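What follows is a single structure, written as structure tokens, with notes after it.
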Ligand code: HEA
Ligand code: HEA
Ligand code: CUA
Ligand SMILES: [Cu+2]
């Protein structure tokens with residue numbers, strides 16, 4: 001199968017797309033800095049601020065990965081591996097933070113000691 | 001090499017349940033670990049190439065079989081899991097009326113202080129029939145307080161408190177080990193736990209013993225009065241530190257008119273912080289409030305309390321805590 | 001090597017006429033088979049070093065006093081033992097030796113996808129080993145192989161940084177191997193070699209590589225942070241600096257629990273091959289064994305906190321980790337049962353590799369089941385950091401992983417060298433190892449439940465009887481490990497020619513000459529059948545052809 | 001599972017004495033047959049295809065897929081490497097949100113923003129370089145790669161300036177230039193480099209007048225700057241490696257190795273560069289944009 005699968009030249013991402021993506025990235029970047037600027041003036045919950053920043057960063061990542069890094073037109077296996085890292089991080093973050101939130105470090109220990 | 005036991009003594013209320021679970025597991029394991037090898041042995045002999053046997057109609061896969069040996073072990077492990085889980089929750093939940101004893105681990109000794117101030121090194125005297133809660137911290141690296149006969153163990157961490165509880169049932173002397181590797185003399189960080197009847201324990205508490213200084217060393221052969229030898233009762237020592245030694249009382253007045261909040265009855269309550277969160281005021285919270293007051297600021301108060309980091313030893317910290325807790329207890333009555 | 005009598009054009013032959021050219025042909029080789037041999041030699045040297053440290057440990061523990069070694073030396077001995085055995089023997093062991101040799105052969109490829117990366121990974125391995133050995137020579141380390149902070153980052157005064165550097169570099173060697181396997185298995189399979197025709201060894205190697213790739217970098221960065229904390233006194237793991245020591249444990253075990261599956265999964269793969277070959281049967285429940293490898297790789301990432309039950313992590317976390325630990329045992333159970341079922345109606349022969357495979361089954365089951373004990377928090381509170389844990393992991397690592405490794409070495413030895421070894425000695429040593437092993441480590445379960453903490457060189461007198469028993473067993477075990485080294489080495493000169501397929505096994509690797517030609521396949525094979533394509537009556541035929549005097 | 005059993009392979013041909021395919025002695029079925037593939041060893045040379053096809057691959061497409069997948073798997077490991085640092089970051093930010101907000105105030109956000117732009121542009125130039133290589137525009141590839149390198153160096157330069165500012169404050173000077181030239185002293189006494197000398201200034205903007213104006217090494221402030229330095233310097237190390245790769249790619253393009261049919265090196269080198277960019281995309285808001 002591996003021999004057949006890639007005979008066809010993969011679909012093409014050209015300079016025009018690159019420029020568009022780049023423009024989108026710049027817009028997102030100014031959005032995130034802008035949001036930060038606004039937050040210095042307007043009080044919003046801290047978690048929301050973090051959330052906004054992370055959503056924008058993730059969007060940028062998705063754009064870069066899909067277009068600059070050609071994942072959109074890559075083979076299925078490569079696409080899977082691009083996602084694999086996400087799962088690895090998910091395991092690490094969710095479980096570890098789970099412990100911290102339940103443990104309450106520092107300092108209070110939560111209902112169970 | 002006089003006697004060599006094959007099974008540890010049972011000397012606490014946990015020993016029985018833990019051992020019961022253990023023997024159940026051994027039994028279950030024998031089904032797999034004991035029977036399976038014999039099945040394998042049987043098959044090996046039965047179907048050895050030199051044996052005439054029926055080898056036709058081979059099966060190469062069978063979903064019902066696969067499901068059987070997936071589901072049965074699954075059910076078994078889940079059963080033992082739940083058994084163990086409830087026991088675990090019990091082991092981690094001290095009853096309300098437990099005796100509190102403070103333990104400090106340091107390379108390479110255990111330093112213990114009883115509520116009345118009596119200190120001991122590498123020994124722990126406890127009454128039987130009485131839940132005992134150990135409040136433990138370390139001065140340097142991670143240690144672990146382990147009493148095999150009681151089936152309890154808990155790591156002791158620097159920079160925070162961990163707790164552990166047990167109720168001894170049999171008078172006697174038991175091993176006390178440091179179970180977390182902590183450096184060169186890890187294996188010498190051992191001692192003994194002496195479980196005694198309540199009356200004996202009380203007598204022991206008030207008997208002067210060896211003089212043990214707050215830094216953990218044993219003092220010289222100074223003939224000293226009773227109180228000095230036992231050590232300062234913890235609450236008293238704490239109240240002295242609070243009032244004069246560290247000057248806490250200048251801000252924390254019990255009439256509520258000080259710069260800082262009134263600390264009476266604070267232990268065990270929920271405190272509202274200036275960011276709206278509620279925190280549970282346990283040992284770790286009090287400790288942090290003293291060492292790093294800026295981290296969690298009580299609502300309605302300015303963040304002006306100085307840090308006492310580096311100024312209070314672990315020993316004094318324990319005394320302050322004992323004092324703060326006693327304020328709460330007094331309140332409750 | 002005296003391989004003149006072997007078929008020509010094999011990978012062992014050199015056209016090299018000068019010593020320099022000979023060195024080049026071995027130390028700059030990009031042939032996966034030669035790299036496997038480089039690994040074989042170097043890894044076994046490390047095993048002997050680790051074993052030497054184990055010997056020292058066991059001798060010291062004969063008496064309850066610390067009379068042979070000072071406390072400090074003892075700590076350095078078990079640390080050296082743990083680090084060498086884990087990082088420099090067992091983690092690279094089966095994948096880098098057997099995996100390197102077999103993966104391309106089994107899938108019908110001429111080489112790994114990245115041959116130079118493969119060579120590079122061996123050099124990284126050697127560099128890492130060199131660092132670790134330098135650390136050992138200049139006084140050693142005394143942190144235990146787990147490097148718990150703040151002891152390792154602040155208090156230990158031994159060569160922590162050098163050792164960490166060694167483990168760090170070795171980690172990248174592991175990563176290189178993992179990347180290579182993944183890419184090779186995905187892109188280099190011969191035409192017709194579909195996923196469900198792959199030998200199970202390939203499946204398990206793939207699962208192993210997945211773990212390596214996802215987990216190893218995390219321990220890399222963690223150790224790096226410890227080193228920084230140590231060098232500059234700034235950091236995030238020491239409470240004195242405002243940090244949390246449990247964060248270190250989380251990050252460390254995020255790698256090191258999956259790492260135990262890095263050690264055992266390739267072993268599972270080997271056992272599948274052995275059981276099939278010596279029962280002359282298709283493996284029972286092929287798909288289930290294949291998928292259980294993947295399940296272990298995935299679930300293995302969710303249970304690391306079972307090493308931290310008494311560390312001060314939250315009670316909730318303890319419960320969740322305990323629950324997930326129960327689940328991770330199930331795929332292993334599936335494998336064991338399927339292997340047992342494979343024996344049924346097989347035509348079993350007691351050749352040396354098969355003896356190891358059977359030893360594996362018995363010992364791994366004990367090790368695995370005691371893992372369940374440890375996974376139940378209420379029990380673990382009592383036995384964690386005691387010899388019960390030591391016994392558990394030696395049962396799975398020595399009784400499981402090493403048995404599989406030795407079985408694999410014996411099984412593919414004829415393929416690697418073209419020579420047979422003495423099966424009599426093979427059987428004897430397998431038996432000695434089995435007996436010695438149980439005698440060494442079974443008493444440790446007992447002494448562990450009694451409460452004997454690990455990493456103690458001075459202990460209460462009442463534990464002595466069991467320790468003496470254990471040390472006596474270790475002597476037998478050591479003899480058992482030394483015998484194969486002797487007869488395998490001798491076989492290079494005296495062994496009789498093996499022929500292409502001495503075991504009458506299936507699999508592409510048995511279709512090429514022994515030793516295989518440099519480029520494995522002169523023509524890339526086209527695969528039309530699955531991995532264990534024994535005829536339905538293969539077992540029957542085999543038994544029918546048995547005469548007194550043929551191999552048992 | 002009887003799948004495949006029926007498919008008895010045709011009898012094997014023996015192609016070469018050294019590679020006798022063992023025709024199973026009646027008991028086992030050979031699992032392979034040989035093909036009349038054009039890749040027999042004897043005639044296997046580099047003549048049939050470009051010199052870039054390594055001997056162990058069958059087709060250029062296979063080689064390319066291997067290279068791409070290999071790079072991606074490697075990138076997964078890189079993500080996990082940074083993942084460890086982000087994990088520590090998450091824990092401590094969760095534990096000390098105020099500290100984070102105060103500490104981040106002391107980073108140079110405008111410079112960080114400029115650096116983000118610089119990196120995003122460099123990502124664009126790399127992507128364009130891949131296109132150019134595909135189109136066979138050799139000089140344009142080299143130009144774009146060189147522009148990328150210039151941008152990368154600019155990034156590192158700005159980063160170095162940021163670092164040196166922190167260090168010069170520790171030494172008591174306002175700017176690195178004054179530090180070197182021995183100029184005037186810094187107004188605020190602060191040292192944001194983790195270590196013995198770490199001093200965190202009381203922050204006027206948040207209205208807190210903590211009695212001691214400085215916090216020592218044991219405080220969570222130090223954690224922020226420790227993570228900042230570790231994460232950004234690890235990122236910088238990756239930039240250095242990336243620059244080397246870019247230089248190498250420009251070199252081999254100049255040597256004519258890269259052709260419209262063989263430009264895999266540019267592609268996978270580009271992947272690496274993009275990953276560095278992505279890491280920065282996260283580092284920037286997480287360190288510079290905190291409240
Ligand atoms: C090859 C290495 C390897 C393997 C495969 C395993 C496998 C397992 N391990 Fe082990 N483990 C280690 C190496 C390994 N371990 C090491 C090195 C340590 C100590 C580290 C240190 O602190 O230095 C350790 C420590 C360790 C601990 C921590 C102990 C402590 O420090 O307190 C725990 C706790 O849960 C544990 C559990 C398990 C479990 C549940 C499995 C399971 O995967 C086992 C699954 C297998 C079976 C269950 C047997 C086969 C199944 C059957 C026969 C069917 C019947 C089964 C049932 C009914 C369940 N291990
Ligand atoms: C793959 C892993 C592996 C292997 C194979 C072994 C093999 C052995 N281990 Fe080890 N062990 C660990 C991994 C392993 N161990 C780990 C991870 C630890 C924890 C470390 C820590 O706490 O940090 C540990 C800890 C450990 C302890 C506990 C120490 C303590 O906590 O105080 C003990 C004690 O009995 C022990 C014994 C043995 C023995 C007798 C063997 C035997 O099987 C070894 C038999 C082999 C030989 C004896 C080699 C034969 C060769 C010679 C005798 C010498 C010839 C030498 C030359 C010519 C150079 N090991
Ligand atoms: Cu204290 Cu070990
Ligand atoms: Cu584990």
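Including glycine, each Cβ sits where the backbone N, Cα and C put it.
Quick look at what TrEMBL annotates:
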- C:26-528: domain 'Cytochrome oxidase subunit I profile' (DOMAIN)
- C:36-57: transmembrane segment (TRANSMEM)
- C:77-107: transmembrane segment (TRANSMEM)
- C:119-141: transmembrane segment (TRANSMEM)
- C:161-185: transmembrane segment (TRANSMEM)
- C:206-232: transmembrane segment (TRANSMEM)
- C:252-271: transmembrane segment (TRANSMEM)
- C:283-304: transmembrane segment (TRANSMEM)
- C:316-334: transmembrane segment (TRANSMEM)
- C:355-379: transmembrane segment (TRANSMEM)
- C:391-412: transmembrane segment (TRANSMEM)
- C:424-446: transmembrane segment (TRANSMEM)
- C:466-490: transmembrane segment (TRANSMEM)
Intrachain residues whose Cβ lies under 8 Å of the transmembrane segment (C:466-490), provided they are six or more past its termini: 44, 51, 54-55, 58-59, 61-62, 64, 406, 409-410, 413, 421-422, 425-426, 428-430, 432-441, 443-444, 446-447, 450, 459
Cβ contacts under 8 Å made by the transmembrane segment (C:161-185) with residues that lie 6+ beyond its boundaries: 83, 87-88, 91-92, 95-96, 99-100, 103-104, 107, 109, 112-114, 117-118, 120-122, 124-125, 127-135, 138, 141, 143, 147, 198, 202, 205-206, 208-213, 216-217, 219-220, 223-224, 226-227, 230-231, 262
Same-chain residues near the transmembrane segment (C:316-334), Cβ under 8 Å, at least 6 residues beyond its ends: 285, 288-289, 292-293, 295-296, 299-300, 302-306, 308-309, 364, 368, 371-372, 375-377
Residues of the parent chain within Cβ reach of the transmembrane segment (C:77-107), under 8 Å, 6 or more residues beyond its termini: 32-33, 35-37, 39-40, 43, 46-47, 49-50, 53-54, 56-57, 60, 69, 118, 121-122, 125, 128-129, 132, 136, 140-146, 163, 166-167, 170, 173-174, 177-178, 181, 184-185, 188-190, 193, 198-199, 201-202, 205, 208-209, 212, 259, 262-263, 266-267, 270, 397, 401-402, 404-405, 408-409, 412, 415-416, 455, 507-509, 512, 516, 520
For the transmembrane segment (C:355-379), distant same-chain residues with Cβ under 8 A (at least six beyond the ends): 264, 267, 270-271, 274-275, 278, 303, 306, 309, 318-319, 322, 325-326, 329, 332-333, 336, 339-340, 388-389, 391-400, 403-404, 406-407, 410, 426-427, 430-431, 433-434, 437-438, 445
Positions on the same chain near the transmembrane segment (C:36-57), where near means CB under 8 A and six or more residues out: 26-27, 29, 68-69, 74, 77-78, 80-81, 84-85, 88-89, 92-93, 96-98, 100-101, 122, 125-126, 129, 133, 409, 416, 474, 478, 481, 485
Taken over the domain 'Cytochrome oxidase subunit I profile' (C:26-528), the model's mean pLDDT: 92
